[in-house]
Amino acid sequence: MSNSNFSIEEHFPDMWDAIMHDWLADSSSANPDPDLPVISPKQRSLLRKVTPVGLMGRIVVLETPNKWTKESIEKDLIDPIKHVLKTRLDLSVSLAITSTNGESENRAEAADDSHTRVDAVGDTHEGASQKGSVATADDLSMSQVEELVNKAEQRDGASQAGVSSAAETAEEAARRREHDADELAGQYSATENHIDPNPSPTPTRWTNKETAHRPAPRHTSPHTPSPQPSSSFNDGLDGESLLNKNYTFENFVVGSSNNFAAAACRAVAEAPAKAYNPLFIWGESGLGKTHLLHAIGHYAKELQPNMRVKYVSSEELTNDFINSIANDTRESFKRRYRNLDMLIVDDIQFLQNKESTQEEFFHTFNALHQANKQIVLSSDRPPRQLTTLEDRLRTRFEGGLITDVQTPDLETRIAILTKKAESDNVQLPEDVKVLIASRYEKSIRELDGALIRVTAYCALSHEPLTVETAEIALRDISPADQDVEIVPQHVIEVVANYFNLTTDELVGKGRAKKFVQARQIAMYLCRELTDLSLPKLGSAFGGRDHTTVMYAERRVRESLSENKKVFDQVQELTQKIKSHARD
């Protein structure tokens, strides 16, 4: 999938799988996301039986194994599903729910219910009862439903199985989808298989929270990395601004390597368009630039609640612009970006070689700047080195304040580990902090990965967290190997061989469990062992979207602390990859 040709309709089943995985896991966690509807165990069981058939226009077609499941979902889950899709994908949809428990049964029912039952009320009738919101509609013909079903069968390689294959029950399909949702991502949460030792009370019936006051954001769970904020349907995002709630000034560790940048960011948040405009932050990957960008947006909105703030990656900006051309909505695109009080664009360097997007961004930049609105940008290099961007863009970037973030010193690295351990409720001895901080100097991401390995190893082996156990956990990712240059092809070749796959199978479109699990591990190892950005890694894996890599990384990180087999595989593969890179 190339970013420029991204299609929600084409990839909707994978989006559904990823979103449902996170919603189900979140609903059973002790600290559920306030933006996601809390659903009961019975409702979670119903959702696991749903198969996404496809998206046609604004109609989502879902498939259930029998009439009872279909009616139960129509009764209790229509509004929650619509709310989640609106929150995560910014889609206002209707639902067409079909039952596939025998064609004869459905055709017999057709005499009494001649049309597919569709939730056709839409956003203007949110106050209606759920039962009343499911009505007959001609929005989707039976031939269209069959067309989507056929596409779903082809996508899953199930042309011989049919829609209601006896070879794969609904429960098996749910488990398969849980493993196969690798194309597009939600965001970080505990895995469904994790059993909470202190389960939360039975959840109350869901009510719409769009206008309710939002509680304070929660911390990320133990062994779970800070969320990457690139996806437009990520867990922990704040409404239309797309600000990640976990990235604030309060949990940003300030040291000599980033002191000036942090101070500049606070100044911009306190006085938008009056202090430094534009503000341009640059530095290598993994040093906290994205964290600072989100923190600016949060603090600015805290001081001025009505402020219109939008965070976007350059890749999302490009996709949004291309979609506006394809859908003939250029004017809508302009309004969305030019009516803001603050526009924050991450990884601006990825606008390189995208001439049309550069042209549009140039005019957007001018419109905002002339209207005295704040612009914040980040890159992996200073403006003068962005030689692939147009001169007129570079000169505008240089017209404000340029600041950088550098590799953190030892004291700052220890402070970062301390804060991460506290947020994860991990008792990390001082000597272990010093060991990790002394060994991993390159980036904050390295520190995070090392901490996760140590805590996962101790949890799985039931060992105390000591310097000795930390040494064992980290022996396969020793910085002594940092002189070895590892590229994605090294990882792909080793992982493919390890799992008895070809490299084409590993990076291809196959969604069988053996392909997906190996692919996710390979993506995780690429993220850990290389310095490439998410979009670059997505390109290395068959041109996938960067959110696919994020999702894979999150899934493997979760498994590391819960599944010793995965932990051992990652350890062994790390050594094999480094040996392969040396050869």
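The backbone N, Cα and C atoms fix where each Cβ goes, glycine too.
What Swiss-Prot records for 1-91 is region 'Domain I, interacts with DnaA modulators', and it gives sequence analysis as the kind of evidence.
Annotation comment: Swiss-Prot describes 91-241 as region 'Domain II', evidence class sequence analysis. On the 0 to 100 pLDDT scale, the model's mean across the region 'Domain II' (91-241) is 42.
According to Swiss-Prot, the feature region 'Disordered' maps to 151-239.
Annotation comment: Swiss-Prot describes 172-182 as compositional bias 'Basic and acidic residues'.
Annotation comment: Swiss-Prot describes 242-458 as region 'Domain III, AAA+ region'.
Marked as ATP binding site by Swiss-Prot: G286, G288, K289, T290. In this structure, T290 (ATP binding site) is part of a helix by DSSP.
The residues of the region 'Domain IV, binds dsDNA' (459-583), classed with DSSP into helix (H, G, I), strand (E, B) and coil, number 91 helix, 0 strand, 34 coil. What Swiss-Prot records for 459-583 is region 'Domain IV, binds dsDNA', and it gives sequence analysis as the kind of evidence.
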Including all protein chains shown, what's the count of other C-beta atoms within 10 A of the C-beta of G288 (ATP binding site)?
24
Looking at the binding-site residues G286, T290, the one with the fewest other Cβ atoms inside 10 Å is G286
When the region 'Domain I, interacts with DnaA modulators' (1-91) is classified with DSSP, how many of its residues are helical, how many are strand and how many are coil?
53 helix, 12 strand, 26 coil
Across all chains shown, how many C-beta atoms besides its own are within 10 angstroms of the C-beta of K289 (ATP binding site)?
23
